[in-house]
């Protein structure tokens, strides 16, 4: 379900000329990162549920977490990028096409993906320095940082420090950037004389704001607080929220609140229905 919803967004953005705009291009990249994220978790999670548990090597467990970290970091940077796109569209609309060129879009997206994988590689190197010599049972449905650190019998201070610094970079910095851009956006919207114009301008940002609040809310609790500050049960619940619920909600939120996507989906379904009736 999560894969199908996000894959549909990618197909629609690629196939429909009416969606060939920066906002939808970044949305398709966000959907791609969510596909990579969920496909790394869901199959193994279903296997664990069906057989009541499973085994994985320590290196394999660390590799899974780092493969999760790459799209997570990329998503944070993409959300910040999408806020910049809305800032340019609302605060500088006359120069929007000259600023948000396709070359700039490609450069930004490339930076987001490279940053995601490079920082995930740093985490992988740091985690591989840990020693595991006692309990080998993880109380989680995937290899997350909190149960991994709790399992180690070596000093984890350095590892926790590195992970915390990277977490601040990928969570706090983009989130601060989003807040600053939306302060300027809100100030510009309030200067619009007509209420209809203000409502229309704000509606272009509402979907993005909803996704940002859902995504950053859970990430902040999970990764900016030390593992000991909340139980693993709460960690599992929050992880389930942002690994399954949020990726499924994102395409639904953007589809239901975006007129262009709704129109494209409606035209596509109408065409399919018409073709079916003709062939039938």
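Cβ atoms here come from the backbone N, Cα and C positions, even for glycine.
Automatic prediction, not curation, is the source of TrEMBL annotations.
Summed and averaged per residue, pLDDT over the domain 'G-protein coupled receptors family 1 profile' (5-254) gives 80. The domain 'G-protein coupled receptors family 1 profile' annotation in TrEMBL covers 5-254.
The transmembrane segment feature in TrEMBL is assigned to 7-26 (among others).
When Cβ-Cβ distances below 8 Å are used as the criterion, the transmembrane segment (62-84) is approached by residues 23, 26-27, 29-30, 33-34, 36-37, 40-41, 44, 56, 108-109, 111-113, 115-117, 119-121, 123-124, 127-128, 142-145, 148, 170-171, 174-175, 177-178, 181-182, 208, 211-212, 215-216, 219 of the same chain, each at least six residues removed from its ends. If you look up TrEMBL, you'll see 62-84 (among others) marked as transmembrane segment.
Annotation comment: TrEMBL describes 104-127 (among others) as transmembrane segment.
For 165-189 (among others), the entry in TrEMBL reads transmembrane segment. Sequence-remote contacts of a segment are chain residues at least 6 beyond its ends whose Cβ falls under 8 Å from one of its Cβ atoms, and for the transmembrane segment (165-189) they are 72-73, 76-77, 79-80, 83-84, 86-87, 90-91, 119, 122-123, 198, 201-202, 205, 209, 212, 216, 219-220, 223-224.
Feature annotation from TrEMBL assigns transmembrane segment to 201-225 (among others).
For 237-256 (among others), the entry in TrEMBL reads transmembrane segment.
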